[in-house]
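**Q** Please read through the structure below; I'll follow up with questions.
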Amino acid sequence: MLLSSIYIFLLCFTNGLFFKVSCLTSEFRLEGDYLLGGLFALHEIDRVTPVFTPEITECFWHSTSKSGYKILQVMRYAVEEINNSTTLLPNVSLGYEIFDHCSNTRNFHSVLSFISKNGSIRPKEKLNNYQPKVIALTGPYGSSRTITVAPLITMDLIPMVNYGAASYTLSNKLQYPSFVRTIPSNKDLIEMIIHIIRWFEWNSVAFLGSQDDYSSDGLKLFNKYINNTGICLAYQEGLSLNANYSLTLKKIDKLNINVIVVFALTQYASKIIKAAIANNIQDKVWIASHSWAMNQQLPREPGIRKIGTVIGIAERLLSLPGFNEFVYNKAKGTAYAGHNDKAVSDVQSKNETCNQDCDYCSLMTAEDIINESPTHSFAVYSAIYTIAHALHKVLQCDTNECHKNITVKPYMLLEEIKLLNFSLNGRQVKYDDNYDPTIRYAVVLWCTDVNPPQFKVVGMYREVTFHFNFNTFSCSLKVPFSNCSVECKAGYSRQPEGFHSCCFTCKKCPCNSYVDFSRDPYTCFPCAESEWSDEGSTTCKTRSVVYPQFTEIPSIIVMISTACLIILLFAVFCLFAYNYDTPVVKSAGGNMCFLMLTSLILSSISVFFFFGKPTSVFCLLRNAIFTFFFTVCISCLTVRSFQIVCVFKMAAQFPKVHSLWVKHNGQWLFIAFSSFIHLISCVIWMTINPVKLIADSWTFKDQIMLICEMGNTLTLTIVVFISWFLGFLCLLFSYMGRDLPKNYNEAKSITFSLILYYLTWIAYFTAYLTIKSKYIVILNAVAQISSINGILFSYFIPKSYIIIFQPQKNTSTYFQTSIQNYTQTISRS
């Protein structure tokens with residue numbers, strides 16, 4: 001209801017100003033079977049002034065736009081070409097009505113004329129019954145102008161085939177259902193600009209636009225699409241026609257920004273470039289948006305070469321065969337000449353205008369028109385042909401005629417436009433679901449160092465294919481440095497500095513970390529536990545897992561030695577068993593010898609758990625087996641030393657104690673008790689914070705050592721203390737019996753074996769605490785073998801030697817003689 005009221009108000013307001021005026025200029029109007037509308041900016045408003053009374057903008061009072069007049073001629077040429085065709089619309093003629101549309105908000109009278117029917121508008125009339133003056137229209141130029149008038153046109157589903165409105169907002173078919181365009185949207189243009197910036201590896205850019213929908217839409221899309229690209233927008237501003245352009249450019253120059261995206265309409269871009277020349281802004285890269293990329297006047301400005309390089313993005317240019325001849329013919333025609341003769345007087349004589357006046361057009365030569373910017377020429381040309389092809393479908397035309405009896409409604413054309421796919425001058429014209437065309441861009445380089453200036457195509461973009469080549473052309477391209485910070489070297493991460501993400505310092509990544517620019521250039525990521533890296537790395541290397549392997553030479557030597565030791569122990573066991581009743585075996589301990597030898601054999605087996613890839617079970621077995629059974633062996637030696645001293649020295653002094661010791665098998669009770677206490681301590685050691693496998697990744701940067709922790713320090717100390725305390729008692733008793741008969745004197749052998757035991761394990765624990773290497777494990781195994789060998793070779797081998805090689809000493813007579821000699825010696829003393 002509100003929209004209808006606005007329409008009626010606007011119609012009443014413009015009725016006196018528009019419909020009473022007769023506009024008969026032939027360039028603006030052509031009769032035909034079907035009428036097309038055209039909105040072209042033949043004039044541009046340079047300076048916005050506030051208006052305090054309702055009035056229509058009279059465009060001819062403002063500055064001229066030659067490019068607007070050229071594309072008007074392109075529309076006229078396209079209509080004439082279609083009318084002359086015998087295949088596209090045979091026996092059907094197209095007409096047109098064209099208006100000068102120079103204002104965003106005060107040129108509604110032309111649009112109202114298009115949607116009117118016999119001079120009136122009926123907003124509530126159904127589409128099936130409604131027949132506006134035009135069946136479709138093209139224009140106006142510019143997003144703001146289009147967005148302003150589009151609701152009036154699209155409400156009735158009149159096809160608005162636009163040649164110069166790129167705002168992505170217009171792709172919203174819910175708001176603008178009948179809007180069609182023949183140029184790509186801002187979305188595609190912004191993606192192209194970002195592609196160029198990334199291709200040159202710039203990351204600090206400025207974005208200048210105008211205060212209109214075209215620029216604001218572009219800025220919004222630019223900010224959206226530069227996310228995660230490494231590009232930062234170091235400066236942005238939307239400029240009005242009255243803005244201080246010099247101040248803006250000085251700010252950009254002070255910030256050392258060398259790449260400036262000028263995403264604005266021609267009149268704004270012209271002011272920016274002229275201000276850059278006037279303020280001696282030098283050696284910049286100016287990226288021109290589609291609207292002014294092919295401007296013909298700016299490359300000829302004096303001093304243009306100093307400002308740097310201009311790279312423009314324009315629609316891929318196609319020539320219009322026959323257009324030049326059309327312009328020359330119109331220039332020579334009588335109607336055209338007659339208009340030239342009276343143009344100025346016509347403007348002065350009119351007291352009212354309908355914006356179908358072009359006072360300067362009569363002053364333009366054919367060369368002026370032909371040499372003007374071709375930016376939108378093909379867009380206008382394809383817009384008219386789009387309407388014609390849709391009408392061809394609606395009228396069910398064949399090669400001979402069209403069915404003119406069909407009533408054509410605007411919405412019928414709209415249905416056919418989406419389905420169109422036709423070739424026009426070698427280019428395929430088709431539209432997607434949003435009525436946007438296929439993307440075809442050309443990157444042009446302004447060659448201002450030649451006269452006249454030239455536009456060289458240096459890049460192509462079609463849908464998803466992009467190609468650059470800046471080395472083929474004679475004009476030079478100066479590529480400045482436009483980065484807030486110098487890119488970090490490999491292995492250095494960015495450290496943000498200031499507000500913008502492209503401003504940063506560089507920091508070398510520490511050991512065991514790396515930086516991956518494709519993932520996040522601001523973070524040094526830690527390597528996994530199984531990996532390592534040096535300072536300043538971009539990748540991590542796999543650590544080698546080290547442990548004593550079965551195939552290594554030290555491992556083989558130790559295992560062969562252990563196997564030989566076990567065989568020797570087993571041989572001694574058999575020898576002692578065979579000679580069980582002999583004095584040597586009985587003096588060595590009798591049955592106790594077999595317990596000692598069995599303990600030594602079992603202790604030796606633990607050595608094999610030190611090699612190969614360790615496991616938690618191996619970690620438990622390698623030390624627990626040896627510690628327990630070797631302690632059992634030491635407890636036997638301790639008892640044996642005590643018994644000898646007891647028999648020879650204490651039996652006479654303490655007969656009752658000796659009697660109880662013998663009667664209750666004190667030696668076996670002591671062995672059982674000490675072994676049980678040690679077993680309990682071992683169980684506690686293995687259960688409270690037990691020995692476990694750990695991967696040592698901190699000792700060596702490139703290795704992971706699989707080692708076994710020693711477990712709880714306190715419980716380990718108790719286990720070691722019990723074993724060492726028994727050894728100390730054994731040494732003490734051995735020392736007390738140092739003067740006993742030779743056959744019973746074990747002081748030297750036991751002292752040697754236990755001192756070797758102590759020294760070996762002191763050396764091992766010292767190395768364990770000071771040296772980190774996989775061979776420490778082998779040293780542990782060597783300490784066990786050494787301890788076992790000490791007892792074997794100092795205690796059992798001498799006795800085995802007597803049994804085998806000195807049988808005369810293995811007799812009761814020999815032992816009795818030794819005892820008698822000892823008794824005589826004692827009695828003398």
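A Cβ is built for glycine as well, from the same backbone N, Cα and C atoms used for every other residue.
Remember, predicted model here, so these are calculated numbers, not experimental data.
The domain 'G-protein coupled receptors family 3 profile' annotation in TrEMBL covers 554-819. Feature annotation from TrEMBL assigns signal peptide to 1-16. Positions annotated as transmembrane segment by TrEMBL: 556-580, 592-612, 624-648, 668-688, 714-737, 749-769, 775-797.
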**Q** At an 8 Å Cβ cut-off, counting only pairs 6 or more apart in sequence, do the transmembrane segment (775-797) and the transmembrane segment (592-612) clear the bar of 3 or more pairs?
**A** yes
**Q** At a C-beta cut-off of under 8 Å, are there same-chain residues at least 6 beyond the transmembrane segment (749-769) that contact it? List them, or none.
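**A** For the transmembrane segment (749-769), the list is 634, 637, 641, 724, 727, 730-731, 734-735, 776, 779-780, 782-783, 786-787, 790-791, 793-795, 798.
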**Q** Okay, the transmembrane segment (556-580) and the transmembrane segment (714-737): do they have at least three CB pairs under 8 Å, pairs separated by 6 or more?
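**A** Output no: the transmembrane segment (714-737) is apart from the transmembrane segment (556-580).
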**Q** Looking only at the domain 'G-protein coupled receptors family 3 profile' (554-819), what is the model's average confidence as pLDDT?
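**A** Result for the domain 'G-protein coupled receptors family 3 profile' (554-819): average pLDDT 83.
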